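Peer 1: Can you read through this structure? Questions will come right after.
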Amino acid sequence: MPQEETHNFSDSRTVGLADFLEVVVKRRRMIILVTATAFLAAVVYTLTATKIYRATTKILPPHEQQEIMSALMGQMGGMANLAGNFFGGSSQSDLYVGILQTDPVSEAVVSRFKLMEVYETEFRSDAYRTLQKNSLVEADRKNGIISISIDDRDPKRAADIANALVEELEKTLLAMKHADTSQNMRFFEERLARAKTDLNRVEEELKRFQSKNKVLNVTEQAKATIEGVAQLRAQQAAQEVQLAALRGQFTDSSQEVRGALATLAGLRRQIAALEGSGGGSALPTVGVVPALGQEYLRLMREFKTQETLVELLTRQYELNKLGETRSDVNIQIIQKATPPDKRIKPKRTKTVVVATFGALFLAIVAAFGAEALARLSDADRQRWGTLLRSLISLK
C-alpha cells in the first residue's frame, strides 16, 4: 500500500506541472504581452519621471553655554552639579529635532523660498506639510549629531533649504535663550535684593550685639565650624533659588529638576553632619559655651550664611547677564549641504525589476483564470452569470 500511494502522488505531481506548463504555453502571447508592456512602461516612467535629489547637512548642538555654566559654578561647591543639568541633557538633540519640525520654522523657509509656488499649493498649511514630508531630520543618539536632509527636484534648492533650516534653528534657539535669560534675570534680581536686605539686617544685629556685649572669645574650631556651616547653608539657599527657577520651566519629573533636588539633598546631608543631631541650630562641634556665646555664634553663622549667599547669587546673576549679552548659540556645522549630483529617485533598476516580475506574476494568474473560465460547462457559466447579475443588482 505505501508503495502505491507514493506512485499516485508522483503521478499527480507530474500531471499538475504539465497542466501548469500547458496553460503557460497556451496563453504565452498574453503573458508576454502583459510582461513586456509593464517592462516598457516602467522604463518609460523611470526615464521621464521627475528626478529627485537629496541634500544633507549635519550639525552638533551647542555646548558652549554648558561649559561657561560649569566653569563659573565650579566656584560654588555643591552648585556645580547643576550646571550640566540646566543647559544640557541627553534629550537636547531630540529638542532640536522637534524645533526643526515646527510650523514657525517651516513658515520662515516657505516664505523665503516661495515654496507655495514650488509645491503648487493653495494654503500655507499644505506647503508646511509638503516641506516636512520632503524633510528627514534624525538625531544620532550615540554622538548627538543631527542630520537634516531635504528632497527636491532642484539640487541647488535642496541644499539651500537644508542650510536655511539650520539658520532658522539658530534664530529660534536664540529667541528662546533670550526669553529664558530675561525671566531668570528678573527672578535673580528679586532674590538678590532680598538677600542683601537680610545681610544688612543680620550685620546690624551683630554690630549691636558686639557693641553691647563687647568681645567674646571664640575658638578657632568654632570659627571653622561656623564658616563651614554658613557656606553650606548659603549653597543650600542658592540651590533652592535655582530649583524654583527650574520649576518655572520644567516639570518635577524632568532631568533638570531631579538633578537639582539630588544636589539639594546632598547639601542638607552635609549640613546635618556638621551640625549634629542635637537640634536644628545647635553646633555640637563648637563645644559647650554659655548662652551669650551661643547667641553670638548664631548671629555669626547667620551673617556668614547671608554673606556667602549674596556672593553666590551675585555670581549667578552675572552669569545670566553674560548669557543675555550673547547674540549667538554657536551651532557647530559639521557638514554643510551642497547641491547633490546624483538623484535618489526614481530608482530605475529597482522600479523596472519590480514592475516586470509583478506583471509576470499577475499575467500568469490571469492566464489560469482565463483558462478556468474557458473550461466551465454551460451550466456552470449560467450559474456564474446569475450570481454576477445578483451582485450587480445589490449595488
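Cβ coordinates are placed from backbone N, Cα and C, and glycine is handled just like the others.
According to TrEMBL, the protein carries these features:
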COILED    185-249  coiled coil
DOMAIN    17-111  domain 'Polysaccharide chain length determinant N-terminal'
DOMAIN    293-368  domain 'Tyrosine-protein kinase G-rich'
TRANSMEM  30-48  transmembrane segment
TRANSMEM  352-374  transmembrane segment
Peer 1: Same chain only, please: residues at least 6 beyond the ends of the transmembrane segment (30-48) with a C-beta under 8 Å from a C-beta of the stretch. Say none if there are none.
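Peer 2: For the transmembrane segment (30-48), the nonlocal Cβ contacts are 24, 346-348, 351-352, 354-356, 358-360, 362-364, 366-367, 370.
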Peer 1: Of the residues in the domain 'Tyrosine-protein kinase G-rich' (293-368), how many are helix, strand and coil by DSSP?
Peer 2: 54 helix, 7 strand, 15 coil
Peer 1: Calculate the per-residue pLDDT averaged over the coiled coil (185-249) and state the result as an integer.
Peer 2: 77
